[in-house]
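Enquirer: According to Swiss-Prot:
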DISULFID  C62-C104  disulfide bond
DISULFID  C92-C156  disulfide bond
COMPBIAS  185-200  compositional bias 'Basic and acidic residues'
CARBOHYD  N210  N-linked glycosylation site
TOPO_DOM  248-340  topological domain 'Cytoplasmic'
COMPBIAS  267-284  compositional bias 'Gly residues'
MOD_RES   R271  omega-N-methylarginine
Amino acid sequence: MGPPHSGPGGVRVGALLLLGVLGLVSGLSLEPVYWNSANKRFQAEGGYVLYPQIGDRLDLLCPRARPPGPHSSPNYEFYKLYLVGGAQGRRCEAPPAPNLLLTCDRPDLDLRFTIKFQEYSPNLWGHEFRSHHDYYIIATSDGTREGLESLQGGVCLTRGMKVLLRVGQSPRGGAVPRKPVSEMPMERDRGAAHSLEPGKENLPGDPTSNATSRGAEGPLPPPSMPAVAGAAGGLALLLLGVAGAGGAMCWRRRRAKPSESRHPGPGSFGRGGSLGLGGGGGMGPREAEPGELGIALRGGGAADPPFCPHYEKVSGDYGHPVYIVQDGPPQSPPNIYYKV
């Protein structure tokens, strides 16, 4: 028997898993978007346009007003941020059942929502994006608490507060220039809004907002990339080993020898009702073993029809084979004397 191998199936599964892990490691964090009127990029010529690639992450942040931070506006602004398609974003309209990303309604907390650009999301409520498609993030309220529920116009029209996401594209049609990962803020969540005020706990309220810690001077430094890459590589090797072990077990089972159980053929049975089970060397008849039983399925003469025609035809179709024996006419046993 040759050495076990995982086979082509195990290699393909391992390669797909490795590619998935490498994709998670290779994604970059884009420059965060601070959502208030103090962000001058909303008034830039051509609008606020980003070119994310599949695997990247983007932070949306609502800066606090109390105490004021480096990105705070003079007065706190209340917004709901929606993810819409290209046509709706150009009209500054959200659908009746909008895809809500983040609600900015807590003046004393920094709130954050992280978007993961992925084609397939493992989360039921996760967002999915297609490469070479355009998406918009818009705010249709007017900045006041009373206008939060508006689904049309708002600051999207009056102040140009919308972000165009050109997924998988580039402004020059080539490779997209990216900043090093060390200059980007660390991603703290998987598609949930976060409070970034240090020393504060989660507060009840909107389900899109959860609290986490963040320094007043900016985002925390990212984790060590060699450590992340090493952990991802170890996970990939573990998954490859599991796939290889499974393939080896399947290969060994295929190579296993067939069962050595022996079933006698129909010719081993005698005529006249004798099943040929007698022992040799003068020994008496022995008991039949499982699989050696002959079953007579016909009558004694040619005129007698078979009393079990079905099993005569398909006797080998169910489990262990059943051997069909043509029974002869009944005979008196020889050498038997009767005492009178």
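Placed from the backbone N, Cα and C atoms, the Cβ positions cover glycine too.
Keep in mind it's a predicted model, so treat the numbers as computed, not measured.
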Enquirer: Can you tell me the CA-to-CA distance separating C62 (disulfide bond) and C156 (disulfide bond), as a whole number of Å?
Expert: 16
Enquirer: Averaging the per-residue pLDDT over the topological domain 'Cytoplasmic' (248-340), what integer do you get?
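Expert: 54, rounded to a whole number.
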Enquirer: Which number gives the other C-beta atoms within 10 angstroms of the C-beta of C62 (disulfide bond), all protein chains shown included?
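Expert: C62 (disulfide bond): 29 neighbouring Cβ atoms within 10 Å.
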Enquirer: Of all the disulfide-bonded residues given, C92, C104, which residue's CB has the most CB neighbours within 10 A?
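Expert: Buried the deepest by this measure is C104.
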Enquirer: Same chain only, sequence gap of 6 or more: which residues have a CB within under 8 Å of the CB of C156 (disulfide bond)?
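Expert: Looking at Cβ-Cβ distances below 8 Å from C156 (disulfide bond), excluding near sequence neighbours, one finds C92, I138, A139, T140, K162.
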